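Database features, via TrEMBL:
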COMPBIAS  1-15  compositional bias 'Low complexity'
REGION    1-22  region 'Disordered'
REGION    53-79  region 'Disordered'
COMPBIAS  69-79  compositional bias 'Acidic residues'
ACT_SITE  Glu271  active site, proton donor
ACT_SITE  Glu472  active site, proton acceptor
Amino acid sequence: MAIASPSAPSFSASFCRTRTETPSTFTRIPSIFSHRAKPRPLTRRLALSARFNKSTSSDAGGSVSPDNGEPENGEPDDSELQYELFHGLSPQRCRKGSPVFVTLPLDTVGPLGLLRRPRAMVQSLKALAAAGVEGVVMEVWWGLVERDQPMLYNWEGYLEIVALARRCGLKVRAVLAFHQCGTGPEDPHWIPLPLWVLDEIDKDPDLAYSDRFGRRNMEYVSLGCDMLPVLLGRSPLQAYADFMRNFRDTFRPFLGVVITRIQVGMGPAGELRYPSCPTQKLTWAWRSRELGEFQCYDKYMLASLNACARAIGMPEWGNGGPIGAGNLMQNLEQTDFFKSHHGSWTTPYGNFFLEWYSGMLLLHGERICREAETIFRGTEASTSVKIAGIHWHYRTQSHPSEITAGYYNTRLRDGYLPIARMLAKYGFTLCCSCFELQDLEEQRMNPVGSPEGLLRQLLSAARVCDIPLEGETSTTSLDHQSFEQVVRMSKFYSYGLEKPSFSFNFVRMDKKMFEYHNWIRFNRFVRQMSDANAFRAKLEVDAMPDTRRSPTSISDVAKFGMGSTYC
């Protein structure tokens with residue numbers, strides 16, 4: 001379904017502090033399936049006992065099946081898990097605590113914008129609903145939706161996901177992903193920027209970020225040209241705003257009803273940061289303690305830096321990034337800029353540069369927040385922004401890996417409070433990862449890192465600014481210790497708050513998640529987060545023809561829904 005935007009490119013510069021609360025009415029839209037059965041009442045009741053019995057599956061590496069189980073590694077008895085699954089109605093859950101969402105696989109929508117494996121997706125969504133999951137996180141890729149031509153949008157695969165989620169009684173969080181996914185065409189999850197954007201970057205390489213060695217990073221368009229008409233007559237900010245506006249118009253019947261939150265991407269990996277370290281290396285960069293590289297050497301960033309330096313009468317400060325910042329893998333104490341004692345990060349020049357560098361990132365975030373607040377105002381869907389969890393130099397004085405990413409956060413300065421204040425100004429939720437990471441484990445490899453310290457600082461900033469918090473895992477961790485750590489850190493944010501607003505995104509759904517012991521642990525984790533002893537999930541399956549219905553036992557879901565599909 002290609003949707004061409006009828007409006008001319010426009011950019012609104014209005015500032016709005018609060019979101020207007022306007023009731024919205026849900027309107028059914030035609031089914032995107034080729035056929036559907038007539039709705040009919042279903043009275044059959046299926047009770048599922050989640051006392052699991054070990055079994056194996058040749059294609060899933062183990063399946064989940066009812067009956068018996070034994071405590072493992074000091075974990076609670078599996079027989080405590082009890083569910084009831086009813087057919088015919090939308091879900092009604094008894095929830096006192098924090099809702100849990102699950103991020104869908106990266107390959108959910110294919111290169112042509114169509115939903116892949118819809119039958120298996122239905123089974124997986126039913127299983128999530130039966131586990132008490134609140135909803136799913138759906139990444140909406142700029143490079144798929146607006147792939148071939150500017151302002152020609154294909155939402156077909158994403159409309160189908162939202163419709164399936166609604167039928168299964170799940171909510172949806174949409175992540176508007178304006179960045180690249182994967183490392184290159186050989187990556188099975190490769191999703192580049194829109195082809196027409198890449199054509200413009202080929203013509204003007206300075207549209208991409210660059211470090212001091214001239215290495216270009218194509219993950220995200222440089223924020224230095226945010227306001228310039230470099231994309232076929234539109235600025236990047238106008239392109240993002242037009243995309244958000246078309247998303248709003250296309251999904252309007254679902255906003256605030258099924259789609260309850262929209263996360264707006266603002267940089268590499270969807271995070272508000274510079275690509276100081278390539279995203280594909282972030283999962284292990286903490287082990288090598290990479291310092292990162294300042295991304296200020298494209299002509300647009302250099303022009304801004306030069307103008308700011310001249311404005312304060314120091315033109316020599318505007319020729320580039322700091323000298324003596326070292327190499328990616330260098331010990332920070334051997335660098336002139338980042339070393340703890342008498343490093344130039346503490347000098348007037350260092351302060352000037354870091355204020356400018358982090359200020360440009362904050363300005364980029366504010367511009368997009370302002371646009372998104374205006375576009376989604378009145379839809380009843382909340383909005384969020386993700387902050388990176390760069391923790392591998394947190395116990396040092398200068399925090400170099402955070403600084404090169406654009407967070408001017410040191411032992412002398414709080415770099416996250418200004419971001420939290422900006423989010424509060426526009427009514428945004430703060431999203432951050434690292435909830436499953438523990439200092440004790442991480443510091444065995446890197447003694448100067450502290451994921452818990454970084455996360456506490458982010459959570460404290462959210463509390464101070466009174467903004468909701470959205471937690472995430474940084475990796476797909478399904479062990480008992482990781483889940484317990486998530487629960488502990490969520491309580492750190494919520495403790496003492498009269499009305500805490502915390503939710504959690506588990507990243508991400510895959511084949512292993514539905515294996516026997518992993519599925520048990522995940523179910524228990526959802527119950528811990530919701531703080532409920534029992535719940536009821538009722539699946540709205542009346543819209544599905546009998547010929548398309550499949551068994552909804554957890555064992556069948558594990559073996560069919562994922563084991564045979566998400567490999």
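Glycine too: its Cβ is placed from the backbone N, Cα and C atoms.
For the pair the residue listed as 'active site, proton donor' and Glu472 (active site, proton acceptor), the Cα-Cα distance reads 12 Å. Just so you know, the Cβ of the residue listed as 'active site, proton donor' picks up 25 other Cβ atoms within 10 Å once every protein chain is counted.
Every protein chain considered, the tally of other Cβ atoms within 10 Å of the Cβ of the residue listed as 'active site, proton acceptor' stands at 21.
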